[in-house]
Amino acid sequence: MKVVNLKRGPLLAVGGSILLLFFIIYSVSSSSSTEITRDIRLRSIKDERTEIEFPGQKEERKREKFVKEEKKKEKKEEEEEMLEKVEKKPQKAEDGDDNERKREFVREMMLHAWYGYRNYTWGYNEIRPVSKSPNNQAIFGGTKMAATIIDAADTLWIMGLKKEYKQARDFIQANFSMANAQGTLSVFETNIRFVGGLLALRALTGEEFYTEKAQEVADALLPAFNTPTGISYSNINMQTKAASNYGWANGGSSILSEFGSIHLEFTYLSHLTGKNVWVNKVKKIRETLDKADKIDGGLYSNYMNPKTGRWSGQNHVSLGALGDSFYEYLIKSWVQTSFKDDQARRMYWDASDAIQRKMVFTSKSGLRFVAELKGGTADKKMGHLACFCVGMFALEAKYEKNETRKETVMQLAEDLGHTCHESYMRTQSQIGPEMFYFNDYDDATSKRSENGYILRPEVIEGFFYLWRITGKEKYRDWVWSAINAINKNCRVEAGFTGLSNVYNLNQGRDDVQQSFFLAETLKYAYLTFTPNSEMSLDEWVFNTEAHPFPILKDEVV
């Protein structure tokens, strides 16, 4: 019989349990340690594997790094080479220190206008320099199409303002797109400022992306040309692509200065791309105009019905608003094609003859001016815009072969230049008004409702051409006088503003810095004080927004 010790039994049981617990803990601990060790070893193996270089892999990585560095270096060199072109060009010794001082003066005005815009309204179309806010009432509205950047960029380039040009270039390349365009745009203004500005930058820099951007804009305008006559509508809606005319334009007619001022841009775009879609549009417009009945043997009415190709209204003829740049583009199209566009030459010379016969008058004090015609009757007024014709007639005289006619036209250009100068000299501000009249009471002075100044370029533009073509120093003096008056009376903290009344400076300012002030007014002022070889008239032709295109040596497609 087995004897059981009742006192020791429970102790043995407890001891066994403790031993079992220790065994379990040891086993788990040992297992965990093994797992951790195995994990560490696996990580180590993995790390070792990442350090293993298979044959050729190291060389490939070096090659990729080298290529990347070379591309970066090449891009930097290209950028430096591009910007080197923008450096201030050395001027001829005979040009003199005084002209260099005047160039610097205009450059400083350009920088002041540029940084006012850049600091307060970068990316918007224009600045209100008094209130330091975007000009949402501008012709392109409140959409951020960067009109000032594109209008100003070639001026920055020409002036050698390298840093500021790069600011403009980088913005255009990275940010400008017609996808940003909203609402209804003016075909004319979009063409001369955007297509023109971008094409000029392509011509000056050689950078191809400018051509691509210009094509994008031009393509967006094409629906406006879908008419039976080819005469384009004035506006196009960016969302619906529907084209339209202004209700006030003689019952919805198209405007001569608008559809007649597309030729230079579309011709050059076709030349660059080898595509004839754009040049064919302007050729069709030209054909319609060439076939239309002329007024007094060579003049064109300001309004045309785009569906019928017939003149609308009372045959209103003007070298100011509504008509001006059409005549300008006739002679410049002839020049642009290295004098091969015989149709443009014939149409221009016929128009010039008719203008001299029917529209040029002399005031009682001896001032010659170009009137407007309404139904055959002269309206004896001349607008600031019409002062562009000073340069137009000077350009005609430059290329006229007949010596008698050459002298006659050159004298007309100089006489009209004198009249435009007088419109400046007869005001408190020494800046001319929007419109000035010639009658028994007025002589190159304005009426109350048309006495403002919106930073327009046409008077300075005319003096620039007179200086370049005649070499008479007084035209440089007139530009210097005008640009100083603008700097004195229009300059504010954040740029330049127009004036409400050039006769009375107490009547305030319009608080708008027009993009064309940077594109045209300052560019022509600057070039007046450069040697004639700088943007030579024998090599370049300026569009109506002062954007330069090269005179083409080859036939356009």
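Including glycine, each Cβ sits where the backbone N, Cα and C put it.
What TrEMBL says about a protein is an automatic prediction, not a curated fact.
Contacts of Asp324 (active site) defined by a Cβ separation under 8 A and a same-chain sequence distance of 6+ are given as Ser257, Ser318, Leu385, Ala386, Phe388, Cys389, Thr544, in order along the sequence. In the three-state DSSP assignment, the secondary structure recorded for Asp324 (active site) is helix. Taken from TrEMBL, the feature active site covers Asp324 (among others).
TrEMBL lists Glu458 (among others) with the feature active site. Of all the Cβ atoms in the protein chains shown, 24 others lie within 10 Å of the Cβ of Glu458 (active site).
Cβ-based neighbour count (10 Å, all protein chains) for Thr544 (Ca(2+) binding site) stands at 25. Annotation comment: TrEMBL describes Thr544 as Ca(2+) binding site.
Feature annotation from TrEMBL assigns compositional bias 'Basic and acidic residues' to 52-76 (among others).
The compositional bias 'Basic and acidic residues' annotation in TrEMBL covers 83-100 (among others).
The feature disulfide bond is assigned by TrEMBL to Cys387-Cys420. Secondary structure from DSSP puts Cys387 (disulfide bond) in a helix.
The region 'Disordered' annotation in TrEMBL covers 52-100.
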- Query: Rounded to a whole number, how many Å is the Cα of Glu458 (active site) away from the Cα of Cys420 (disulfide bond)?
  - Reply: 9
- Query: Cys387, Cys420: which of these disulfide-bonded residues has the highest Cβ count within 10 Å of its own Cβ?
  - Reply: Cys387
- Query: Where does Thr544 (Ca(2+) binding site) sit by DSSP, helix, strand or coil?
  - Reply: coil
